[in-house]
Structures are given as structure tokens and as C-alpha cells.
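Annotated features, as they stand in Swiss-Prot:
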{"type": "SIGNAL", "residues": "1-20", "note": "signal peptide"}
{"type": "TOPO_DOM", "residues": "21-182", "note": "topological domain 'Lumenal'"}
{"type": "DOMAIN", "residues": "30-126", "note": "domain 'GOLD'"}
{"type": "COILED", "residues": "134-164", "note": "coiled coil"}
{"type": "TRANSMEM", "residues": "183-203", "note": "transmembrane segment"}
{"type": "TOPO_DOM", "residues": "204-216", "note": "topological domain 'Cytoplasmic'"}
{"type": "MOTIF", "residues": "213-216", "note": "motif 'Prevents secretion from ER'"}
Amino acid sequence: MRDQFICLALLLCALHSACGLYFHISETERKCFIEEVPDETTVIVNYKVELYDPRSNGFMPSSPGIGMHVEVRDSDDKIILSRVYSSQGRISFTSHTPGEHVICMYSNSTAWFSGAQLRVHLDIQVGEHAIDYANVAQKEKLTELQLRIRQLLDQVEQITKEQNYQRYREERFRHTSESTNSRVLWWSLAQTVVLVCMGFWQMRHLKSFFEAKKLV
């Protein structure tokens with residue numbers, strides 16, 4: 001029983017994670033990240049842009065003139081978000097189709113900051129990790145017990161979405177495998193038919209050749 005509880009706790013922690021990182025980009029450089037998201041799932045992206053200062057040999061908070069263009073594409077390669085944000089902000093969107101969502105970011109180029117080196121801090125939160133439960137408790141006036149129940153219900157809902165997404169991936173993989181096997185089978189049959197036809201043609205050609213030479 002204890003082992004089952006530990007496994008369930010690990011599963012709940014691993015399902016929809018929040019990842020924090022930073023990366024360096026230059027002017028016009030584009031960075032993209034792929035996030036696998038079930039359908040009807042909230043994704044929140046927190047970011048902060050810092051500008052390299054050669055005098056201090058470090059990164060400082062960027063000026064208002066520098067922002068980030070953010071573009072999000074769903075698994076069908078449809079743009080679901082595309083706009084320019086300030087140098088620090090919070091982006092939120094909800095997936096409507098399951099699969100890989102591509103989040104791309106690049107700086108809005110200006111002549112003043114042309115060629116500047118930027119450092120972008122990025123934090124992507126998916127699923128129940130994207131919910132601000134402190135804000136929810138304050139707005140809905142929930143007790144600690146009610147808030148905990150709300151969190152558990154959200155986790156169960158995310159587990160259900162994750163299971164549905166895994167079944168969706170398995171179905172796509174099975175369909176791809178069946179389609180590949182079918183193409184391989186038909187290609188093998190086509191090769192066999194071509195070889196039989198070539199052999200039949202060669203036999204007829206040899207027979208005609210021998211008859212013309214009066215060897216048969």
C-alpha cells in the first residue's frame with residue numbers, strides 16, 4: 001500500500017511539470033521550444049529579458065525599447081498566438097488539440113539595440129502547475145480544506161487528460177505502423193510482379209532469339 005502511494009505521488013509530480021531555464025539570443029535570432037500538451041490544457045509562459053552591458057561585463061534589466069515577439073503553433077501547425085510583448089511578462093494560452101506545441105521567441109529588432117546580446121529567463125508551466133491557487137482561494141474564498149480538494153480534483157482531471165493523450169499517441173503510432181506495413185507489403189508485391197514480368201519477357205525474347213537462329 002505504501003509503495004502504491006509513493007508511485008502515485010511521483011506520478012502526480014511528474015505529469016505536468018514546470019521548467020525554468022535561461023538562454024542567450026542575439027538580434028533577429030529565433031529560439032523555439034516544443035511542449036507536449038494534452039487538449040484543453042492551460043499553458044503559462046513567464047519570461048524576463050536582460051541586456052548585456054559590456055561596461056560591467058554582465059546582464060542588466062533591459063530597457064523598455066526591447067521586447068519579445070512570441071509565436072505559438074499547435075500540433076496542426078496553426079498559429080494560436082502571435083504578438084509582441086514587453087521585456088518582461090506572462091503569456092497564457094489554452095490548447096485545443098493534443099500534441100506538440102511549438103513556442104518560438106525572438107527580439108523585436110530596433111536600430112538602437114541592433115546586435116545586442118540578450119539573456120532570456122523562461123519558465124513554462126503546464127496543467128495544474130499553471131494555476132495560481134493562492135489567487136483562486138482568495139477570489140472564491142476557499143478554506144484550506146476546500147482548496148486542497150480543489151487541487152486534488154484538478155490533479156485527477158490532469159491525469160485523465162494525460163491518459164487520453166497517451167491513448168491518442170498510441171492510436172497515431174498504431175495507425176502509422178499499419179500504414180507503413182501496408183506500403184511495404186504493396187511495394188514488395190509490386191517488385192515481385194515486376195520481376196515476374198521481366199522474367200517472362202526475357203524468356204520470350206530468348207525463345208524468339210533461338211528460333212531466329214534456328215537453334216530450337
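Cβ from N, Cα, C; glycine included.
Mean per-residue pLDDT, taken over the motif 'Prevents secretion from ER' (213-216), amounts to 65. Secondary structure of the domain 'GOLD' (30-126) per DSSP (helix as H, G, I; strand as E, B; remaining residues coil): 0 helix, 63 strand, 34 coil.
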